[in-house]
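Colleague: So Swiss-Prot lists these for the protein:
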- 198-396: domain 'Peptidase M12B' (DOMAIN)
- Glu201, Asp285, Cys391, Asn394: Ca(2+) 1 binding site (BINDING)
- Asn296: N-linked glycosylation site (CARBOHYD)
- Cys309-Cys391: disulfide bond (DISULFID)
- Cys349-Cys373: disulfide bond (DISULFID)
- Cys351-Cys356: disulfide bond (DISULFID)
- Cys407-Cys426: disulfide bond (DISULFID)
- Cys418-Cys436: disulfide bond (DISULFID)
- Cys420-Cys431: disulfide bond (DISULFID)
- Cys430-Cys453: disulfide bond (DISULFID)
- Cys444-Cys450: disulfide bond (DISULFID)
- Cys449-Cys474: disulfide bond (DISULFID)
- Cys462-Cys481: disulfide bond (DISULFID)
Amino acid sequence: MIQVLLVTICLAVFPYQGSSIILESGNVNDYEVVYPRKVTALPKGAAQPKYEDAMQYEFKVNGEPVVLHLEKNKELFSEDYSETHYSPDGREITTYPLVEDHCYYHGRIENDADSTASISACNGLKGHFKLQGETYLIEPLKLSDSEAHAVYKYENVEKEDEASKMCGVTETNWESYEPIKKASQLNLPPEQQRFPQTYIELVVVADHRMYTKYDGDKTEISSIIYEIVNTLTQIFRPLHIRVALIGLEIWSSGELSKVTLSADDTLEAFGEWRETVLMNRKRHDNAQLLTGMIFNETIEGRTYKSGMCNPKHSVGIVRDYRTRRHFVANRMAHELGHNLGIDHDRDSCTCGANSCIMSATVSNEPSSQFSDCSLNKYLNYIVRYQSTTRCLHNEPSETDIVSPPFCGNYFKEVGEDCDCGPPANCQNPCCDAATCKLTTGSQCAEGLCCDQCKFTKKGTACRPARGDWNDDTCTGQSADCPRNGLYG
């Protein structure tokens, strides 16, 4: 059983509250000061891990008490995660660090169904949380009092550049492409219209400009990337996509592919490097270049649309424009969205927020939600183009998960029948969120051959025909949709 650590935060208001202060996120005009004070609920004398599996924080925001629930993100790293950097003479140095007891968490605010949180607890509390529709950031204050933290709204951070930023992917003409089809129009029964579980094993590369920008501090660069991917995993979870960091590379001795003012040329060169070099030494599904280059034409990122799983095109480049990790994570999620066949949003697309992830114009306050258009486009893409996205269906072995099984992390592990997330978030009637077991009378909880918690009747089509191949059909004995391999 997971022990819960209770942490009380006492809110103090100081004379300089509301004045301007320079933080890692930039110049902040209005903030509150809090002092985290741990009050442990672990039994007296019990061994306390360095970073607990679950924590709660109580504090006030705008004078109102909130309770922040955090759970360690046990999907952050893939099994054979590695880190690579280069000696001054260009020699490759690869290590396999132990990452089980890391300090990166996801969470939510109690009694706020739409809340989210992505927090690093490595050195104090650092990250962001969404409360009542507004994004707040928290980070330690670099004062003589090391316990002081600042809490502030994202909108109160002064913008470095108010110029409109754009995604580098060419704006598509929606009418010129295959129309987006609603889930109900994909010739799939209702129970199969849920997103299939897919997996992206991700490599993030920091270029040499990033290395020099952070004064050669590889630890700092690694922490930045951890924070970005921690947010990525949360963003893609509603699509049933597990994003796991399988590799981190820092070009410490110089650029290994051409990085120029042209985003197109930089993307092409990085794709060629991935195809000819990286794929030969590291198994992965997608690679993203995080660069310190300021591209021409206010380009924030560039990628190949529908390039996922392609040796050269399953790549993206993202500019490390700000020190705000949430902003950069949003940009990387945007480029990954294009890799997954998702177009820019039209004006009519909505996500319940001021901006959505696939907006063509970069918002100063990044979104963490995909629009209704994006969800439909992704579902259409993943169902109709399975033959070109097979890398996404390589489910990691349940025995290869880095950390011990953890009910409530959305990932089915050894000893579990299903995992639909925390009880407050579970929407699967076939799965008991408290135990990660099937509910009484259920045969299955998900899968292309799972119909209202029962195995679909034998012979039911579960995957459309591909070229000269027949439809794949259910066996009646499993929720999986086997590849029949029969010519028509």
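We count from 1, first residue shown onward.
Glycine is treated like the rest: Cβ placed from N, Cα and C.
Could you tell me the structural context for the features on the list?
Modeller: In this structure, Cys391 (Ca(2+) 1 binding site) is part of a helix by DSSP. Under a cutoff of 8 A between CB atoms, and with a sequence separation of 6+ in the same chain, the neighbours of Cys391 (Ca(2+) 1 binding site) are Asp285, Met308, Cys309, Ser314.
The 10 Å shell around the Cβ of Asn296 (N-linked glycosylation site) contains 12 further Cβ atoms across the protein chains shown.
Around the Cβ of Cys373 (disulfide bond), 21 further Cβ atoms fall within 10 Å across all displayed protein chains.
For Cys351 (disulfide bond), applying a Cβ distance below 8 Å and a minimum sequence separation of six or more within one chain yields Ile357, Ser367, Gln369, Phe370, Ser371, Asp372, Ser374.
Under DSSP, Cys407 (disulfide bond) is assigned to coil, being neither helix nor strand in the three-state scheme.
The number of other Cβ atoms within 10 Å of the Cβ belonging to Cys418 (disulfide bond), over all protein chains shown, comes to 22.
Counting only same-chain residues six or more apart in sequence, the Cβ atoms lying under 8 angstroms from the Cβ of Cys431 (disulfide bond) belong to Asp417, Cys418, Asp419, Cys420, Lys437, Leu438, Thr439, Ser442, Ala445.
Counting only same-chain residues at least 6 apart in sequence, those with a Cβ under 8 Å from the Cβ of Cys453 (disulfide bond) are Pro429, Cys430, Leu438, Thr439, Gly441, Ser442, Gln443, Cys444, Ala445. The secondary structure of Cys453 (disulfide bond), as reduced to three states from DSSP, is coil rather than helix or strand.
Sequence-distant neighbours of Cys449 (disulfide bond): residues of the same chain at least 6 apart with a C-beta under 8 Å from its C-beta are Phe455, Thr456, Thr460, Cys462, Cys474, Thr475, Ser478, Ala479, Asp480, Cys481.
Taken residue by residue with DSSP, Cys462 (disulfide bond) is part of a strand.
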Colleague: Could you state the CA-to-CA distance between Cys373 (disulfide bond) and Cys356 (disulfide bond) to the nearest Å?
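Modeller: The separation of the Cα atoms works out to 10 Å.
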Colleague: Out of the recorded positions Asn296, Cys356, Asn394, Cys407, Cys436, give me the one sitting nearest to Cys349 (disulfide bond) by CA distance.
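Modeller: Of the recorded positions Asn296, Cys356, Asn394, Cys407, Cys436, Cys356 has its Cα closest to that of Cys349 (disulfide bond).
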Colleague: From the centroid of the CB atoms of Glu201, Asp285, Cys391, Asn394, the recorded Ca(2+) 1 site, which same-chain residues not already listed sit within 8 A by their CB, in sequence order?
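Modeller: Other same-chain residues with Cβ inside the cutoff are Tyr199, Ile200, Arg283, His284, Asn286, Cys309, Leu392.
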Colleague: Under a criterion of Cβ-Cβ distance under 8 Å and sequence separation of at least 6, what residues of the same chain contact Cys356 (disulfide bond)?
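Modeller: Result: Asp345, Cys349, Thr350, Ser367, Gln369, Phe370, Ser371, Ser374.
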Colleague: Cys426 (disulfide bond) to Cys450 (disulfide bond): how many Å between their Cα atoms?
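Modeller: Cα-Cα, rounded: 17 Å.
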Colleague: CB neighbours of Asp285 (Ca(2+) 1 binding site) within 10 A?
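Modeller: Result for Asp285 (Ca(2+) 1 binding site): 23 other Cβ atoms within 10 Å.
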Colleague: If you measure from the C-alpha of Cys407 (disulfide bond), which of the recorded positions Glu201, Asn394, Cys436, Cys450 fall inside 10 Å?
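Modeller: Of everything listed, what lies within 10 Å of Cys407 (disulfide bond) (Cα to Cα) is Cys436.
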